[in-house]
């Protein structure tokens with residue numbers, strides 16, 4: 001057992017367009033802990049999670065954050081193909097909004113306070129926490145949010161190296177000290193949606209354990225596509241409600257110390273020194289440890305790294321027929337899912 005002092009450490013997972021769930025959690029935390037920024041010692045984040053973490057450290061007004069999120073997401077939802085339309089430069093739009101939202105000294109605020117999970121090419125996790133300029137901080141945040149092939153094939157650079165979505169290597173980074181984790185996916189996470197009534201099992205993936213259920217699978221698919229303003233409002237409220245339930249069941253977080261239990265990473269997961277070993281976690285189901293699913297995931301990671309290598313270091317080489325076929329099928333499938341979700345949203 002271990003205890004957390006009065007300073008909190010938070011982790012916000014990567015979750016794509018479901019990031020407004022994190023904002024709901026932050027809004028609830030602020031209602032219970034008005035001096036949240038002063039009490040936060042470190043914030044770990046990946047993709048959308050690191051963006052929300054920076055909003056906490058800069059103590060940005062919730063109305064301002066919600067306004068920007070809704071504006072960007074709704075605008076993308078009205079474009080044919082959404083983020084799959086490569087004529088839309090999502091990274092540039094994100095950079096523009098972050099530049100206007102963050103103060104000039106944002107890099108000084110973030111250094112040794114914000115820990116961003118990124119995947120360094122070809123496939124290794126790196127936690128970035130030191131920034132020499134505001135532009136460097138924004139570049140790291142964009143790199144953590146970039147999904148290869150999803151919004152084009154122009155990889156972000158950070159200090160001369162190629163990086164991409166941290167969620168592919170460590171979607172729930174933690175420090176060595178006790179930590180409160182947040183994610184819009186159900187699993188062994190402190191603040192998250194309620195478990196499904198009929199989960200198949202749980203699976204360890206990218207640094208945390210997720211429930212395998214139809215509901216969770218649908219959440220993961222939804223994270224890839226922008227949603228309506230009504231859906232965003234609903235997700236924001238869900239984040240607030242899940243946070244309220246967690247605080248009411250763990251009132252000790254409002255005190256000077258928090259009792260936690262040790263968190264053990266999967267055996268095949270090797271976190272960096274900064275990635276930690278403690279968390280307040282729920283009791284889960286039986287883990288998948290040696291099945292064809294896990295084997296398939298490892299094969300997929302190797303295949304994905306190969307595609308990145310061809311794209312970054314062999315740009316003149318024609319992509320093989322099988323790569324073109326698979327990439328086309330993935331894009332086609334995502335496009336169909338996007339059309340179906342768009343129609344469903346309009347009919348509702």
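In case you wondered, yes, glycine gets a Cβ from its N, Cα and C as well.
What TrEMBL says about this protein:
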type	residues	note
DOMAIN	10-178	domain 'PNPLA'
MOTIF	14-19	motif 'GXGXXG'
MOTIF	45-49	motif 'GXSXG'
ACT_SITE	47	active site, nucleophile
ACT_SITE	165	active site, proton acceptor
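Tertiary neighbourhood of the motif 'GXSXG' (45-49): same-chain residues 11-19, 22, 114-117, 144-145, 165-167, 170-173, 182, selected by CB-CB distance under 8 Å and a gap of 6+ residues from either end. Taking the C-alpha positions, the distance from the residue listed as 'active site, nucleophile' to the residue listed as 'active site, proton acceptor' comes to 7 Å.
Residue density at residue 165 (active site, proton acceptor): 23 other Cβ atoms are found within 10 A of its Cβ, drawing on all protein chains shown. Over all protein chains present, the Cβ of residue 47 (active site, nucleophile) has 29 other Cβ atoms lying within 10 Å.
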